[in-house]
Amino acid sequence: MSTPLQGIKVLDFTGVQSGPSCTQMLAWFGADVIKIERPGFGDVTRHQLRDIPDIDALYFTMLNSNKRSIELNTKTAEGKEVMEKLIREADILVENFHPGAIDHMGFTWEHIQEINPRLIFGSIKGFDECSPYVNVKAYENVAQAAGGAASTTGFWDGPPLVSAAALGDSNTGMHLLIGLLAALLHREKTGRGQRVTMSMQDAVLNLCRVKLRDQQRLDKLGYLEEYPQYPNGTFGDAVPRGGNAGGGGQPGWILKCKGWETDPNAYIYFTIQEQNWENTCKAIGKPEWITDPAYSTAHARQPHIFDIFAEIEKYTVTIDKHEAVAYLTQFDIPCAPVLSMKEISLDPSLRQSGSVVEVEQPLRGKYLTVGCPMKFSAFTPDIKAAPLLGEHTAAVLQELGYSDDEIAAMKQNHAI
C-alpha cells in the first residue's frame, strides 16, 4: 500500500510527549522515523509511570509506535560521525531539547545546513526566542499557563485550572507536524530545506483565539454577554473564567443524569441554540417558553440562563446519560454524554474506526493505543508497536555502510 510519506526519512531526536507525538504521526503517514536514544536508558518515558516492572511504560509505547530505535552517544567522535551520516541522508530532523542543547552537541542549524541543505529541521521549544521566558523549562502545564488556557479555564470563584487534554504537549506536536508538511511542499519548489520552530506557548495560544477575541470585545464593551457573569455579575479588565459555559455565543452547561450521586461521569453537555429554541422547549416539556417574552430570545434568556438549565436538569436527572442524548438528538439539540476513559477504552465504534487500536509489543504484550485521528480514503495507517530500546541499531548502521566489526567496535567504545 502506498503511503503519503513513503521514502521520507525522519531523525527523531525528541523525548517525552511534544516531539514524539509529531514524529509518531509522520511514521503513521509512512515516513521511516529513526528514534535516536541515549544508550542503555533511552527516552525517559520508557521508565515513567510504569504499570509493569522493567518493561517500557505505556507513556512511551503510546507515543512512539511505528518508529525504529537506535542507541547513539553523540558525545563520542564515532557517535557524531554516525549522526552526520544520518543527517546527510535524512529529509527531516525533529528535536525538542532545552534551548541550546542541540547546539552544544555540535549540531547547530548552520552546521546542519552545511551537511544537508535539503534537510528540514523541526524544533520545539517552550517559548519563542524573543520571549522573556525563553530560558524557562516548559512542560505541559507551563505552556497552558503561559498560553492563555489556564487563566480562562475553571470557575469564576476559583483559581485558574489546567486542562487534562495535552494542549501544551501533543497539541504542539500536531502544530509542528503541519509546519513540517508545509516545509516539505516548499522544498519541492525550492530544492532547499528550512528550519521550522514551534513554541508550546504559541500552540496553546492558537487554540485560545476565541479568548483573544473576547479580550478585545471586553476592552470595548466592558462586558461579555455570553458569559455566566452577565448581566448580574461583574467583569474585570481580563477575560474571566466561565465554568462550563459555551464559548461560541451558544449557552451550554454540564447537566446531571440518573446515577450522578455515585457515578462521577453521569452527566451530559447540553447546548441551547437560538435557531433551535422551539425544538428545545418541546423536548423539555416547556412549550410555553416558545412565545414567552422572558424566554423567546437569547438576550431575554441570558439573565436567568441558570434557571433554564436547572429546569432542563429536572428532566435529565431522571434518565441515563445515553438515553438523554438519544432523546434530545431527536430534537436536533447539540449534546453529548460525558464519557469516562473506561467507556472510551471499551467503545466498539472507536475500535471499528481505528481511533483506538490494540497492538502487541515484545515483552509488554498487547496494549491499547490511540490510532490515527484522520481517516483517509486512499490509505489506512497501519498502527504498529513501539520499538524496544536499540532494536534497530545494527540495521540502521548497516544501511549507512558500517560492517559488523565496526558496529562491534562502536559498541565497545560506548558510541552505541
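Cβ atoms are placed via backbone N, Cα and C, with glycine included.
Database features, via Swiss-Prot:
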type: BINDING; residues: 17-18, Arg38, 72-75, 96-98, His104, 137-140, 273-275; note: CoA binding site
type: ACT_SITE; residues: Asp169; note: active site, nucleophile
type: BINDING; residues: Gly248, Gly249, Gln250; note: substrate binding site
**OP:** Counting Cβ neighbours within 10 Å across all chains shown, tell me which of the binding-site residues Gln17, Gln250, Gln273 comes out on top.
**Re:** Gln17
Subject >> binding-site residues compared (Gly248, Gly249) - the one with the fewest other Cβ atoms within 10 Å >> reply: Gly248
Original post:
Restricting the comparison to the binding-site residues Gln17, Lys75, Ala138, Gln250, Gln273, which residue's C-alpha is spatially nearest the C-alpha of Asp169 (active site, nucleophile)?
Top reply: Gln17
Subject >> Other CB atoms, at most 10 A from the CB of Leu72 (CoA binding site) >> reply: 27
Original post:
For Ala138 (CoA binding site), which residues in the same chain are close in space, meaning a Cβ under 8 Å from its Cβ, but six or more apart along the sequence?
Top reply: Lys125, Gly126, Phe127, Ala146, Gly168, Met200, Gln201
**OP:** Specify the nearest of the binding-site residues Gln17, Leu72, His98, Gln273 to Gly249 (substrate binding site), where nearness means the distance between Cα atoms.
**Re:** Gln273
**OP:** Using C-alpha positions only, work out which of the binding-site residues Lys75, His98, Gln273 is nearest to Gly248 (substrate binding site).
**Re:** Gln273
Subject >> recorded positions (Lys75, His98, Asp169), the one with most neighbouring Cβ atoms at 10 Å >> reply: Asp169
